[in-house]
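Following: one structure in structure tokens, then a few remarks.
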Amino acid sequence: MSHQVAARAEHLVKAYGAGAAAVRALDDVTVEFYAGEFTAIMGPSGSGKSTLMHCMAALDQPTEGRILLGDTELGRLNDNRLTALRRDQIGFVFQSFNLVPTLTAQENILLPLSIAGRSPDPEWFDTVIDTVDLRPRLKHRPSELSGGQQQRVACARALVSKPEIVFADEPTGNLDSTSGAEVLGFLRRSVDDFGQTIVMVTHDPVAASYTDRVIFLTDGQVRDELRSPTAESVLSRMTALDPRRARS
Amino acid sequence: MLRATWRSLIARRMRLLMSTFAIVLGVAFVAGSLVFTDTLDRAFTGIVSGTVGDVMVRPQGAQASTRAGTTATVPVSLVARVKQVPGVRDAVGEARSPTVYVLDKRGKPLGGQGAPGFAMGYHTLPAAHGIPALTLTAGRPPTRAGEVTIDPATAGAAAYRIGDTVSLLTAGTPPRITARIVGFAKFGQGSLVGATLTTFDPATAQRLFVGNSRGYQDIWVTAQPGVSDTELRSRIAAVLPRGVQADTGDAVAKESGGQIKQALGFITTFLLIFAGISLLVGGFLIVNTFSMLVAQRSRELALLRALGARRGQVTRSVLAEALVVGLVGSTVGLGLGFLLAIGIRALFARFGLDLSGTPLVFRARTVLAAYGIGMVVTAIAAYLPARRASSIPPVAALRDDIALPERAVWRRWHLGMILLGGAAGALIKASIRPVQHSTYVLAVGMIAALFAVILISPVVARPVLRAAGVPYRWIFGAVGRLAEENSLRNPRRTAATASALMIGMTLVSMMTVFGASAKSSVDALIADNFTGDYVVSSQTGIPFSPSLADSMAKVPGVQEVSRLRYSPAQIGTDKDALAGIEPRTFGDIVKIELVAGRMPAVKGHTLLVQDDVAAQRRLGVGSKVPVSLGGRPATFTVIGIFKKSPAILVRYLTSLEGYAAAGGRPQDTFVYVIQRGGADPAAVERRLQQIVAPVPTVTVKNQQEFAAQQHEQIDTLLRIIYALLGLAVIIAVLGIVNTLALSVIERTREIGLLRAVGLSRRQLRRMVRLEAVVVSLLGAVLGVALGVALGYALQRSQRDQGITVLAVPWTQLGLYVVLAALVGVLAAWLPARRAARLDVLRAIATE
């Protein structure tokens, strides 16, 4: 496995509030995400896993530390450059409300490209559409699609612009297990078949088992890391890190 | 969470404020109009009651304020007889004129355009009920020819002092006289509302305004203490000869006050129409605002229902909120209306109607009307959203969007199409042939058409918005596509927002078409029907001295001088007007088509009657008609019928001798001049101008200048109308701001998502702006289309009134559409900024 770094965080601190009331959502986090790998970020609520992802994805600014996406340091970019970066080099899949309700599935998939004024690579578009199995649904609006289909549209959108890295924030959090498995299977395939880099935040050990590597966060710090995870190994590691979870 | 609540509260307060603003403007118009009318009323009542004695003795049929006046008089000897009636303290014969203008030191007439220039013989009798009448404030009364007093306000305006020589214009001969100012005198009661007052010694006044020493225009009688005016009136009436009548001062004051009020009543009507338009547009804003508030709060309302609130309770809770808006709006509107009245007063002062001496009148009725209208309009506008709120099922607590079912949109469409059909029928009927009450048919048709288009607009909006989407996508790509889809997301809301703008645009376009048609028609009218070379006239049609035409007839190179004299008149049972013409030359100047009779036959007590009136009144050649200009009626014989034409706006014509016989004064209203072929036009015009130079109220205009003057009058009126309609457009723009701001809030998550996937702030602002532009364009396109249709109907229906030519100024109308688009850009400014400033993460996280 190539260990080229796609994204790197160095001594990341994200603090909310000031003085005694200050909360450090991220407390000196240094982590690397490798190209062509599917990485999961796990941790209990409040561990800082979403904050980490938001900072990495140029949606939020860290209080201290640097973030490198490829060779680009995010801290040096203004809002316009960050926007362009999100548009051209990053793909997003959110937990819910991923799609613009007024646009059709196809228009949603092509949205980042059309915002940039670029036309899609038709071959690649076909490949992506076939992979997510959405061809008959392209003219439908989000309200006419099931939750799983909507998330697959979101995944297709994230991939169609061939971004450096895709960030997925609990992409299966609102789905039943069958739909969830479809979405995760699709993400897995895009890593294996197309060499896509994906970072996914999740709290579900089953979802994490689809990835190559799991990073565990608690209290804003990286505690542990697991390669080639299975649902069982993830669960046992989580229990070790957060005893409360074992009881629930 | 607290922060979010606070923010939504602020946002809602802004929205409520904007819809309140609509109510404020409408109410302000209503209140301002009423305050101004009441003030006007009091000012004129004050003046009029100061200018009559306890009892007035006048020629029979006298009208209190016929500006041209009449030659009818009461004999001088009657004064002595009236004085002997028991209960009379004193009586004095009066000679008056409302057309004596004081010139300032540079020779310009003082007082405003159209305000009368009162003149009378000096006397010291008090007005009715012992109110002081003429009051000397400085100097002494005039005692012989060549002496006058003027009123202190006029003296102040022109910096005249006692001992100065002043020039005066009269409608008699000579047209211009000079006199020495020996004192300042005013009416004891109130101001002169912009008019001027000159007094002469009684003998001079009689010579100037009666023209002989045998009569007076009226006799002013003062009662002894303890004698009531009605009692005295009866006693005096008993001794009067035939053809003379006695009236109480109160009756005369009421009569002339009524005439003035009627003449100025159009101001109130005019302002109230615009108040109505503001309220209508404002109503849309309120319907929209409350619809959106209800939609936003649908979960909260559904929760209330789930917790057991009855439908009525939900409706009432929304209505209560609306009533608060109405209450606040009415209160502020009332205050603003007061300011507006001050503004209108200042505006009218510039036109010579100076009300500064009268305090503004605030009657209880004004307050009641302001609150009544403000609250009722708000309640009606909020009722529909409130009812919709109550129909939210409890399960909707989990749903995102409460959309009006398509069925309702189509029901509106059907209703609108039926209404549109009816409106078109009414308009076509009114424009093909003048029907009974055609003005009402026309007005009802127009209002129906406006409402019909409002009803069908949600359906019509879709293709229009789609059409706008084509260039949008082509030019702006994804951003254009998003804007198009956003405008289509809720066609009913988009249409309602656009409708508010449409109302203003419709009226503006209609007036533009009508104004352009009026101007073209005037041109055509002058070119086709008017063959005179010069028109001599005074501002606002005040009659002027006949000596001017006498002099013009002697100018070398002048072939014909033709006079037209005009006065309101009692003809048969109708209050109409009579014009005296010179039959020999009239046909050379104005195209007149006789259906019966011949022009040369018009002499003495003979009449030419317009064919329409003749048919209505069953008049034919040989019919006898009593005609009076304010004295004893004389019997006239109809000797001809002429065809109705926009060139001849009078319905009864007689000769100049006939005009005099009916009691008309020898004063000209218009003089037409034809120059001899081969004469040097420049020389002729120079000589004519020299003749009118000493009389600055009178002008000589050639055809082009005459047409330009008519254009100017039309343009002035249009400018006032545009300014007033501008308010309706401003309200509509606020509506667009409101809708967009709310849309931005509603779509916070979506905006967050768009930003996350790479939409830049600039693109986002552009998206909001494009949406605003498409909404504005929708309103503008519908408005201009409807406005042109209504303008066409208006022109067709008025073609008998002289608006014979249809002119559609497409460039100007196109400019309106462009302006509307710019207005959209402006309206989007704040909402776009708010959208662009949203924090991406927080926006995505919004529930």
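Cβ atoms here come from the backbone N, Cα and C positions, even for glycine.
Copied over from TrEMBL, here are the features:
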DOMAIN    B:17-238  domain 'MacB-like periplasmic core'
DOMAIN    B:273-394  domain 'ABC3 transporter permease C-terminal'
DOMAIN    B:494-691  domain 'MacB-like periplasmic core'
DOMAIN    B:724-839  domain 'ABC3 transporter permease C-terminal'
TRANSMEM  B:270-295  transmembrane segment
TRANSMEM  B:318-348  transmembrane segment
TRANSMEM  B:368-386  transmembrane segment
TRANSMEM  B:413-432  transmembrane segment
TRANSMEM  B:438-461  transmembrane segment
TRANSMEM  B:495-516  transmembrane segment
TRANSMEM  B:720-745  transmembrane segment
TRANSMEM  B:770-793  transmembrane segment
TRANSMEM  B:813-832  transmembrane segment
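Remark: secondary structure over the domain 'ABC3 transporter permease C-terminal' (B:724-839) totals 99 helix, 0 strand, 17 coil, with classes taken from DSSP. B:770-793 is the stretch from B:270-295, B:438-461, B:720-745, B:770-793 with the greatest number of Cβ pairs below 8 Å to the transmembrane segment (B:813-832). Take the domain 'MacB-like periplasmic core' (B:17-238) and the stretches B:273-394, B:494-691, B:724-839: counting Cβ pairs under 8 Å, B:273-394 has the most. For the transmembrane segment (B:720-745), the partner stretch with the most Cβ pairs below 8 Å, chosen from B:270-295, B:318-348, B:368-386, B:438-461, B:770-793, is B:270-295. Same-chain neighbours of the transmembrane segment (B:438-461): 409-410, 412-413, 415-417, 419-420, 422-427, 429-431, 491-492, 494-496, 498-499, 502-503, 506, 510, 778, 782, 786, 789-790, 793-794, 797, counting only residues six or more beyond its ends whose CB sits under 8 Å from a CB of the stretch. Across the domain 'ABC3 transporter permease C-terminal' (B:273-394), DSSP helix (H, G, I), strand (E, B) and coil residues number 101 helix, 0 strand, 21 coil.
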